[in-house]
Amino acid sequence: MGFGELLEQVGSTGRFQVLQTTLLSIPVMLMASHNLLQNFVALVPPHFCNAHTNLSQSQMSAEEAMLVTVPLDQTGKPERCLRYAAPQWHLLTKNGSSSSGKEGDTNAGLDVDLQGCSDGWTYNMTHRKSTIISDWNLVCDQQSLKQMGQVVFMGGVLLGSVVFGSLSDRYGRRILLLISHLLMAVSGTCAAFSTAFPLFCLFRFGCGMALSGVMLNTFSLVVEWIPTSVRTMVGTMTSYSYTVGQLILALIAYFIRDWRWLTLAVSLPFFVFFLIAWWFHESSRWLVTSNNPEQAIKNLKSVAKFNGRKEEGEKIDMKRLQETMKKEMSCSQGTHSVLDLFRTPTIRRMTICLSAVWLSTSFAYYGIAMDLQKFGVDIYLIQVIFGAVDIPAKVIMVVSMTYIGRRISQCGALIIAGITILINLLIPYDKQTARTCMAVLGKGCLAASFHCCYLYSGELFPTIIRQNGMGWVSMMARVGAMVAPMVLLTADYLPWLPGLIYGGAPILSGIAAIFLPETLGSPLPDTIQDVEDRGTGRSSKVSRKEAIILQDTQADLLKQTT
């Protein structure tokens, strides 16, 4: 059974596994806070132009100053980005003030000149004490910078997945996790004290990199110290930590209304996580495949002692390690690259289809989850609802994958998500309850799609290139997350276009998923030839016993957080 046999010998589900998995899962909660922090720190408050300088220094009330300064839009609300070039004193007269709702007709006859907000803006800070929008005036001509801030953060996530993924295979999971915790703590703290928007983006880029490092190495350490029999359950429980984190973010943001203190609140705990991470044990599996068997034996004996099986642990020596892990050591030999994902027809088709699935899932997920204000519902309530819907969504997906199959579940989740997003385009804006219900259903389907594609992708890629395959599709997901905020900018020209794109992408990728092979009840493929044989209908040469052994290497199949 390879490493699984050694793990059973030292205790595969003992106190060590329970404690390390729990301690590793706690930071995952705050990963969700950083991932969705933009919803609160970059909330756009209602705003309108400041009065002219001479009016600001007069004895006029704020209401009177706004009346003679700010025109109304077609809905009767103050214009956000325009003001009168000169104060309209006639509006203070009895007739003018009493018929301010007809101001557009009066001013149309007078041909009033308008200008931009050259003296700044006044913000209605009912929901938040401060945001980066109000502090740095990221409105009107600068409103696109809000979305660019999220693009920069997701760019950090993308780069981090590439950098920390490769470095962890070279230097180990534990040391990279330590670095990631420290980077998150320092970058988040610096972001909270940023004095300018470019500095804020720079430090948020660092937070994005750290998020990938924490995510990748946390799940590697979790799954590489637990047996195959409980791996699915533990992976699902760990993914629920991210769901709980979405609920915690709403709670923290409700009580901390200042964006700087909120950023600090979700960043400072990582200094504590950094200290705790020194206790974690490096993966003995990785140590053996990295030619450090002595440390691997030392870690196994330490785990055995912690689990109350010291005598069993003392029986592990170099000879026994080499005998039991011969399978893993032989699999690690040879060189493979990402090019192997495109060299043969079956794997090439799989890679293209999975790339579309991951990109569109992440693209639509963040397109919905990162623009909560558009639903017109209390932002704290909608954050709780969006987080809570993941709980039943993942349960339904697990049942569907088990009894219906992976392919149909993946297709169904994506197509239903796309349809709900498109239906929202047809619902009038004033029907906020109906719009919110459809958005929640769509977000739940996308969360379920994420849960499925992690497992499904790992079962499709063969063992020898599974790390490369999972790394590739994960990178495509980051690309989708980066593009999602940029699509929102098209709403300035065609308000319905973002919804059309967010809804169309999952439907197209759901159709692409139909061309993927079903893996329910199938043994895990070991080599590229196994996948090609399965694609051409020939029987796989992997026996059932070998399939059980291969499942012990399925470290990349579990959900990372979204």
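Numbering starts at 1 and runs along the chain as it is shown here.
Including glycine, each Cβ sits where the backbone N, Cα and C put it.
Just so you know, TrEMBL annotations never went through curation; they're auto-generated.
The domain 'Major facilitator superfamily (MFS) profile' annotation in TrEMBL covers 97-521.
Among the features that TrEMBL reports, transmembrane segment is placed at 148-168 (among others).
Residues or ranges marked as transmembrane segment by TrEMBL: 175-197 (among others).
When Cβ-Cβ distances below 8 Å are used as the criterion, the transmembrane segment (203-227) is approached by residues 4, 7-8, 12-13, 16-17, 20-21, 24-25, 27-28, 31, 34-35, 149, 152-161, 163-165, 168, 173-174, 176-177, 179-181, 183-184, 186-188, 190-191, 194, 234-235, 238, 267, 270, 280-281, 283-286, 303, 478, 552, 554-555, 558-561 of the same chain, each at least six residues removed from its ends. Taken from TrEMBL, the feature transmembrane segment applies to 203-227 (among others).
Sequence-remote contacts of a segment are chain residues at least 6 beyond its ends whose Cβ falls under 8 Å from one of its Cβ atoms, and for the transmembrane segment (239-256) they are 25-26, 28-33, 36-37, 40, 262, 265-266, 380-381, 383-384, 386-388, 390-391, 394, 451, 558-559, 561-562. Marked as transmembrane segment by TrEMBL: 239-256 (among others).
Marked as transmembrane segment by TrEMBL: 262-280 (among others).
Under the heading transmembrane segment, TrEMBL lists 350-368 (among others).
Annotation source TrEMBL lists transmembrane segment at 380-404 (among others).
Taken from TrEMBL, the feature transmembrane segment applies to 411-427 (among others). Residues of the same chain lying 6 or more positions beyond the ends of the transmembrane segment (411-427) and with a Cβ under 8 Å from any Cβ of it are 357, 360-361, 364, 368, 397, 400, 434-435, 438-439, 441-443, 445-446, 448-449, 452, 496, 499-500, 502-511, 513-514.
According to TrEMBL, the transmembrane segment annotation covers 469-490 (among others).
Look at TrEMBL and you will find 496-516 (among others) tagged as transmembrane segment.
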